[in-house]
């Protein structure tokens, strides 16, 4: 076991349970005698470079537990992707502070950061154990059955569409809800878990794993509207045409990109508005509404899966245990072992880093505009206990007297 | 007491607790011997005209209780505003079915419908007791301290901004959240209840009770961004310039209006996107995001105030009691009698119908971009029990070694 300090950091988009992982890693680290201090970096790798560090050994267990229950990265986050000079700066700080264990909680971009830092550490012959702790609402990490953060975001999306369906039933029309998910449709597909009755929405679900054809979309909306007098659509922000061009870029005047070269899809209502306008114009339906679920999906306070909470805590704990008892870098991965149970493994960073998992074919209905029961079986246990339910009045019709 | 049937209907935008009021009225009505049957109209007044009625006397108490817990109008809703011929059609159906008590759950448009129906009933010498049961997330009904549906929507907005603030703290930038509220800023102001620490957002809150000046807005965003390195803004969909022109109409290509002559402000991300683009262009801030909270505000399942639930139930019960024991039409109104307690009165329809209440001056900070503690005191008890809390890590800074 390496003696020295532990450094924990959080990267990428916040989730509802990312602090569970941080607190799991911090509290577990504090149990080990070889750990001198447990530091937290403010705003991910940028905090390391800037030497903005917090001493988490001086934080009370009680406050750590309260922070664990609080959504969004308590240490702050960053979108920075370290290159070689950036990593050399990281090393200077890690060396200066005698950090020997580096835990980075994040998605595929962050796991790639961990991989680069571990490689640079090896090149520099600096004795550092680098561990990636999984986190992403997109659920797009390789090797993992699913990733912490996704179940809570999925629960938010399911509950949102459960309510949207009830609202749309009361005041019928076409509703289009735009859900986060650049390349993976898991979160958009989660909207299906809000359905109870056969005629409940979302009636149509579009994920980025399939080509989005505007004419087929319009035909499906028309058909649903004619059958039910209304239509609720869940659509991923990442839908694209057959050439791979995101539907949103047809509209956006300027496409803002981040340091990773990602197109900025969130934080704008443009895609929903474009689709709503198209439905209004082409189908002549008057009441067409679009919402973009936006940042609430990952940061809403008060809609968390208890299963997600405990798994996020465990990957943080396991990260420390793997780092201490195994002599290698790695990524903690989640593996399903029952209906419902999971176990954790210590996987190779190269198997996870920088790669993107998408929805398997068996989760997407052949028509490409719905999910399958296999997906429902996959997702339901992740949503946790106490999921709200919806009820209807029974159809005891009063005989018409005037009979018009 | 009039002998005959009871008819209950729901109008306007659904809320999270509107079914509590419906179930309260139905269960209370079923206790009275003079009530032959309790009917529900499908989709408000339109359901009456179409003779689409449900017999709620044949509904189990158990299922009614489950429906009461379910958000959004279980009887369906409508935006129709009856004129004279419409009301004559209503009478034909009410007479044919021997309806003697008409309970309409809705906002100011619906209370106006109740008023017109009661007047037409008097003109037609038809013996009908008309009662308006209050409901609106906008909280804009006269006479009432507040209206059922508002507290739950306010709780959603507060929890949404609590999370948005945490997210924006982790990945700083400018965030603009657009909140429902055509003329009244109560719901937008509710975003302030998500604040805990002095530097928490929303840092700026814009309500339609004040003129929205784009230059003053930009100056305030700039100032906040320079002080905190970030800025969270809550803005009402109904903000307008000094000429009273909604800011959104500067952008919208076509303005869709409903039967009441209302401009359609919801179901589009246009206002948020316009404001975000303006901040980006004029202030040169790169990370600017906008969300429109949309229909989730009134229909999200799983974010309900227990205070709101019980009050919504009580106004339904009281409506029946007033209708049975008092010999007049009226509107059930809510009056605050303690910190925190309420009582219900039977007010004149003319005092409520078709009027709009807005935020009193003492709830809006003099600068016009924030709320006051008086507003916080007013709103907090309405949000109910179990409101989530947020926690931070303490600032135990690690001394810099490299000292850059």
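Just so it is clear, glycine is given a Cβ too, placed from its N, Cα and C backbone atoms.
Database features (TrEMBL):
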{"type": "DOMAIN", "residues": "B:5-322", "note": "domain 'Phosphofructokinase'"}
{"type": "BINDING", "residues": "B:13", "note": "diphosphate binding site"}
{"type": "BINDING", "residues": "B:108", "note": "Mg(2+) binding site"}
{"type": "SITE", "residues": "B:109", "note": "site 'Important for catalytic activity and substrate specificity'"}
{"type": "SITE", "residues": "B:135", "note": "site 'Important for catalytic activity'"}
{"type": "BINDING", "residues": "B:136, B:137, B:138, B:180, B:181, B:182, B:237, B:295, B:296, B:297, B:298", "note": "substrate binding site"}
{"type": "ACT_SITE", "residues": "B:138", "note": "active site, proton acceptor"}
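On the structure: features taken from TrEMBL.
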{"residue": "B:13", "record": "diphosphate binding site", "Cβ contacts under 8 Å, 6 or more apart": "B:77, B:107, B:136, B:137, B:298"}
{"residue": "B:108", "record": "Mg(2+) binding site", "Cβ contacts under 8 Å, 6 or more apart": "B:136, B:140, B:141, B:142, B:352, B:353, B:354, B:355, B:356"}
{"residue": "B:135", "record": "site 'Important for catalytic activity'", "Cβ contacts under 8 Å, 6 or more apart": "B:10, B:12, B:15, B:18, B:21, B:105, B:106, B:107, B:110, B:147, B:148, B:149, B:312"}
{"residue": "B:138", "record": "substrate binding site", "Cβ contacts under 8 Å, 6 or more apart": "B:107, B:147, B:150, B:180, B:181, B:182, B:183, B:184, B:186, B:187"}
{"residue": "B:296", "record": "substrate binding site", "Cβ contacts under 8 Å, 6 or more apart": "B:156"}
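For the pair residue B:237 (substrate binding site) and residue B:109 (site 'Important for catalytic activity and substrate specificity'), the C-alpha distance works out to 19 angstrom. In the three-state DSSP scheme, residue B:109 (site 'Important for catalytic activity and substrate specificity') falls into the helix class. Proximity to chain A (CB-CB distance below 8 Å) holds for none of the recorded positions B:108, B:135, B:138, B:181, B:237.
Of all residue pairs in the substrate-binding list (B:136, B:137, B:138, B:180, B:181, B:182, B:237, B:295, B:296, B:297, B:298), the one with the greatest Cα separation is 16 Å apart.
The local packing around residue B:237 (substrate binding site), expressed as other Cβ atoms within 10 Å of its Cβ over all shown chains, amounts to 26. Residue B:181 (substrate binding site) has a Cβ environment of 31 other Cβ atoms inside 10 Å. The Cβ of residue B:298 (substrate binding site) has 27 neighbouring Cβ atoms from other residues within 10 Å, across all protein chains displayed. DSSP classifies residue B:135 (site 'Important for catalytic activity') as coil under the three-state reduction. When averaged over the domain 'Phosphofructokinase' (B:5-322), pLDDT in the model lands at 92. All chains included, 20 other C-beta atoms sit within 10 angstroms of the C-beta of residue B:109 (site 'Important for catalytic activity and substrate specificity').
Take the CB of residue B:136 (substrate binding site) and look out to 10 A: across all protein chains shown you find 29 other CB atoms.
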